[in-house]
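Here's the structure we're looking at; comments come further down.
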Amino acid sequence: MRRKLVAGNWKMNGSLAANTLLLTEIKSGLGNATSDVAVCVPSPYFAQCQGLLNGAAIALGAQDVSSHEAGAYTGEVSTSMLQEFDCRYVIVGHSERRAYFAETNELIAQKTVRALNAGLTPIVCVGETLDQREAGQTDSVVAEQLNVVLASIAASDLAKIVVAYEPVWAIGTGKTATPAMAQEVHAMLRKQLQAKNAEAAMQVRILYGGSMKPENAKELLAMSDIDGGLIGGAALKAADFLAIVHAA
């Protein structure tokens, strides 16, 4: 039985005061959550959030990482820097990184390998746009995104990754993916993972990242191949985030 994972992605949001309030509320409302919980915060807040999460059953995560080990790469953050703040997870290949920063499947694969080599758990994001969805290209696009990553890692490392499906077409467009539609893609991803390592594929958690909210979390999380959520907007509101955590 795969333990659910609810990971909040704060994106480019937060402040010292707001972070303190948000994490204090989340910690106090966590109770005996049966899922794993993580927050992926902007890098300037690593030290603050590390302190706020001390002793809490909430893991710290990053929103991106460099494909390089160290050196003259202005603005980049390395895996060794993440390790110093006890980061456990790192998001790679988020749809916003692909769209706004021209990240390729190959670069995302390099970041995945870099994270694994550092003992971090990469949350590998895949997903299709509205145009791709309407052209019937969902399976081919998502499969190719994951294939490039899978080709870059050892079969023995498969169980060390997390996959997140982000239907880009369902984020901020007014369109929604039903639980059945999400499950269909998650099942396809699971089958793809099984081709790499059948046993490990059953351990890999596949998160749903298409605007999971308190209103739809329970239905989505009831699907057999939806193992948690990568939460955007709802992660910035303690009550909403906690509702999703407890739905898991």
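Each Cβ is built from the backbone N, Cα and C atoms, and glycine gets one as well.
Listed in Swiss-Prot:
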- ASN9, TRP10, LYS11, GLY172, SER211, GLY232, GLY233: substrate binding site (BINDING)
- HIS94: active site, electrophile (ACT_SITE)
- GLU166: active site, proton acceptor (ACT_SITE)
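Overlay of Swiss-Prot annotations on the structure.
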residue: ASN9; record: substrate binding site; DSSP (3 states): strand
residue: HIS94; record: active site, electrophile; DSSP (3 states): coil
residue: GLU166; record: active site, proton acceptor; DSSP (3 states): coil
residue: SER211; record: substrate binding site; DSSP (3 states): coil
residue: GLY232; record: substrate binding site; DSSP (3 states): coil
For the binding-site residues listed here (ASN9, SER211), which one has the lowest count of neighbouring CB atoms within 10 Å of its own CB?
SER211
Can you grab the distance from ASN9 (substrate binding site) over to GLU166 (active site, proton acceptor)? Cα atoms, rounded to a whole Å.
13
Winner by Cβ contact number (other Cβ atoms within 10 Å) across the binding-site residues GLY232, GLY233:
GLY232
All-chain count of other Cβ atoms within 10 Å of the residue listed as 'active site, proton acceptor':
24
